[in-house]
Amino acid sequence: MDLDRLDLNPRIVAAVKKAKLRSVKEVLHLSGPDLQRRTHLSSPDVQLLLRASASLLRGHGVCTALHLLRQEGPFPEQHQRLSLGCPVLDALLRGGLPLDGITELAGRSSAGKTQLALQLCLAVQLPPRHGGLGAGAVYVCTEDAFPSRRLQQLIAQQQRLRADVPGHVISKIRFGHQIFIEHAADVDTLLQCVREKVPVLLARGMARLVVIDSVAAPFRCEFDGAALALRAQRLLALGAELRRLSCAFRSPVLCVNQVTEAVEEQDLVAGPPGMSPALGITWANQLLVRLLADRQRPEEAPLTPPGRTLRVVFAPHLPASSCSYTIAAEGVRGMPGTACS
């Protein structure tokens, strides 16, 4: 933070700059006696400096619920989102994925879950002014091989999808070099990856998005009905580690999930009738946002092309709502005028 914004005598500010302290945070990292030695200021001057620095960093005023709703609060970073690369989908999620917490994307096969995950891996690399975070992504595959051919197709079509981004910005980004791929076929490997490898990339600023595709696969393979307690324990461990990483590094976590055919009465965390995200209530409690990608089956509407819908099942900042989307060569696009609550 700029030292020139301090409401102090210019003599004190000049002494601070002469001591090669470049920001208010650096001032507050030092004790009063240390500041006296470095700046050669008197004790009263140092106390004035510390109080002014603390006030400037903390800020003033009251933040109301209306300010938060209008995104006018004193902490604008809490409103920052990762864009999905489509204005219609961003409008559905009020800007995109939140940076703190786990977002789940569940859905049937061929609904476009992996397509949207790949699109986010490219969107995160754009500068913040264009909805990105200016960093790469970690993509953890747990069942299928990484879809590299589709990724290359999306990279080649970025200018068509993101017409809002100047061409010279897109051309400077080496999209394929900033997606770090890991394979984890079992729960132990997945936990090891999340605990040891992913934090290194996040700490170095090389990645700001974590994708797990899919979270259900290793748990379905290793745990049968007799080991539900152990499965719940491992799910809790995975969820806690992902939430810790997301909050510590201000990085969104996207977990792709499978669905099961629901034969019992609909519950509060399930999706539309007949579909329920896998892993049950234990996993649902780890999530901040649950999205459901639904694809209409050919037998449900044989005379029309299969339709796709993205639904908000639950989120603390979003109402239950949905919109239709299509998948083209350039990526996933929401259909204008199809949003509903």
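For all residues, glycine too, the Cβ spot is worked out from N, Cα and C.
Computed from a predicted structure; not experimentally measured.
Annotation comment: Swiss-Prot describes GLY107, ARG108, SER109, SER110, ALA111, GLY112, LYS113, THR114 as ATP binding site. According to Swiss-Prot, the N-acetylmethionine annotation covers MET1, on the basis of similarity to another entry.
Neighbouring residues of the recorded ATP site, listed in sequence order and excluding GLY107, ARG108, SER109, SER110, ALA111, GLY112, LYS113, THR114, comprise ALA293, ARG295 (Cβ within 8 Å of the Cβ centroid).
Taking a C-beta cut-off of under 8 angstroms and a sequence separation of 6 or more, SER110 (ATP binding site) has the following same-chain neighbours: ARG295. Annotation for LYS113 (ATP binding site): same-chain Cβ neighbours under 8 Å, separated by at least 6 residues, are LEU105, ALA106, GLY107, ASP213, SER214, VAL256, ALA293. Fewest Cβ neighbours within 10 Å among the binding-site residues SER109, THR114: this applies to SER109.
Looking at GLY107, GLY112, the binding-site residues in this record, the fewest other C-beta atoms within 10 angstroms of the C-beta turn up around GLY112.
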